[in-house]
Amino acid sequence: MTFRDILSVTFEGPRSSSSTGGSGAGGGAGTVGPEGGAVGGVPGATGGGAVVGTGSGEDNQSSTGEPGAAASGEVNGSAAVGGLVVSAQGVGVGVFLAAFILTAVAGNLLVILSVACNRHLQTVTNYFIVNLAVADLLLSAAVLPFSATMEVLGFWAFGRTFCDVWAAVDVLCCTASILSLCTISVDRYVGVRHSLKYPAIMTERKAAAILALLWAVALVVSVGPLLGWKEPVPPDERFCGITEEVGYAIFSSVCSFYLPMAVIVVMYCRVYVVARSTTRSLEAGIKREPGKASEVVLRIHCRGAATSAKGYPGTQSSKGHTLRSSLSVRLLKFSREKKAAKTLAIVVGVFVLCWFPFFFVLPLGSLFPQLKPSEGVFKVIFWLGYFNSCVNPLIYPCSSREFKRAFLRLLRCQCRRRRRRLWAVYGHHWRASTGDARSDCAPSPRIAPPGAPLALTAHPGAGSADTPETQDSVSSSRKPASALREWRLLGPLQRPTTQLRAKVSSLSHKIRSGARRAETACALRSEVEAVSLNVPQDGAEAVICQAYEPGDYSNLRETDI
């Protein structure tokens, strides 16, 4: 039973006899030959399927593994076009595989365009994901169409030379895809284990060197058959398959799958252990000091600022006095253990499910030919590995909300998202508090005045996003005398969870890179004296304080936090 027989309905007529495993004479309109033999793991064509025939039925006596066929017209549910007879089975398989290939191409293109069109997604980690998408896209566009054509026609129709090139590109793309998954696992472990040092450890130059090495290794693995490390070439050019030479099968399986799989499993286990330990430490810190243990504070020390007697913001400066204001951002912690376990199970489980059967059967069948699976089973296993390239765009990028939003913008033909300055964000949510007897005023300026003390916070507790009623109640409450104005950058959450370290390192990197941009400074730049980022250590009282140049923060955007 072939791959086509599994996915479609059989339309074959009575079979004729054959002494060599090939087909019988194709004289009758409803007579078809049985399946031919297989060379190199590729099955012979099925009678009544896609075959070449130009003479009469009696003239179309086939050689071993080559079915006979009528020259034109219809044969038992088959359609003849230009000398090729394509069965209804082949049409069904072709439609299924075409949808499969288009899905893989579209998904990987979305990943690449999302990063290319959104500057805030252009990070080192996402560069590795883009490399994975490039490998999968190359596989989907340059390899799978020819594999699908061979499944539909039942034979290889592109010649011996192109068969060798196709097989090499197949191994190249699959190996690069698997090694990209391995690189992503190492990158995520480094990002979680050494979050504050991550920008210095994983620079763009190092990432480029890693990707170059990755493709070099994939190239070395793939060129073996082109240099002669393969089985004897079959005489019939209509057969094309992967090389099953024992030495190369073991070498390619170890380098392309078993070593990367070991690294992936170890790295993701370490990620889970570190995330679990960090989550427990942060939860313990919150119990000891509620509201402080998980808080990361970006402080901007400004010159004197005052609030007018009516409660409206003022910009009066006072000599010898410095009013310290802060942008207090309650960033997200690591995922809870259950969510982390679920995500890692999906990542590792799908990878192993897709590739392990193929890389188990390939060396086993090379060493022990009597243990090789049937044609139909091997074809399913073969395409299951290709399926991993189709689901990769769903597993990795779609686990990020930013990627999901970028996908939606691309589907709506909105390539770029307008990025507003941090100081112009959510102006309608701010409030001023004074000691005046009157209620606090809440105008809606789009840009905060120079020297104004700002606070960006996310408060834990029940509830969802702010509503007009809750905003009115907050603005009408009496407060002690202060000059605090608050922007709610993040909505209230049930728990302040997920990815504390990654957010801190990203924010730190954005602040550092601000000084290298040649953009106009924001309105507060002239009033700022110092910028610092305070990060509490896990489960400890000490705080790590990182100072920055006053001008470095000027290009900090809403999307950076």
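Cβ atoms here come from the backbone N, Cα and C positions, even for glycine.
Record features (Swiss-Prot):
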TOPO_DOM  1-90  topological domain 'Extracellular'
REGION    10-71  region 'Disordered'
COMPBIAS  21-56  compositional bias 'Gly residues'
CARBOHYD  Asn60  N-linked glycosylation site
CARBOHYD  Asn76  N-linked glycosylation site
TRANSMEM  91-115  transmembrane segment
TOPO_DOM  116-127  topological domain 'Cytoplasmic'
TRANSMEM  128-153  transmembrane segment
TOPO_DOM  154-163  topological domain 'Extracellular'
TRANSMEM  164-186  transmembrane segment
TOPO_DOM  187-207  topological domain 'Cytoplasmic'
TRANSMEM  208-232  transmembrane segment
TOPO_DOM  233-245  topological domain 'Extracellular'
TRANSMEM  246-269  transmembrane segment
TOPO_DOM  270-342  topological domain 'Cytoplasmic'
TRANSMEM  343-367  transmembrane segment
TOPO_DOM  368-374  topological domain 'Extracellular'
TRANSMEM  375-399  transmembrane segment
TOPO_DOM  400-561  topological domain 'Cytoplasmic'
LIPID     Cys413  S-palmitoyl cysteine
REGION    452-481  region 'Disordered'
COMPBIAS  467-479  compositional bias 'Polar residues'
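Between the transmembrane segment (91-115) and the stretches 128-153, 208-232, 343-367, 375-399, Cβ pairs under 8 Å are most numerous for 128-153.
Confidence in the topological domain 'Extracellular' (154-163), given as mean pLDDT, stands at 87. Sequence-distant neighbours of Cys413 (S-palmitoyl cysteine): no residue of the same chain at least 6 apart has a C-beta under 8 Å from its C-beta. Three or more CB pairs closer than 8 A are found between the transmembrane segment (246-269) and the transmembrane segment (208-232), so contact between the two stretches is assigned (pairs 6 or more residues apart). Classification of Cys413 (S-palmitoyl cysteine) by DSSP places it in coil, neither helical nor stranded. With helix defined as DSSP H, G or I and strand as E or B, the topological domain 'Extracellular' (368-374) counts 3 helix, 0 strand, 4 coil. Across the topological domain 'Cytoplasmic' (187-207), DSSP assigns 15 helix, 0 strand, 6 coil.
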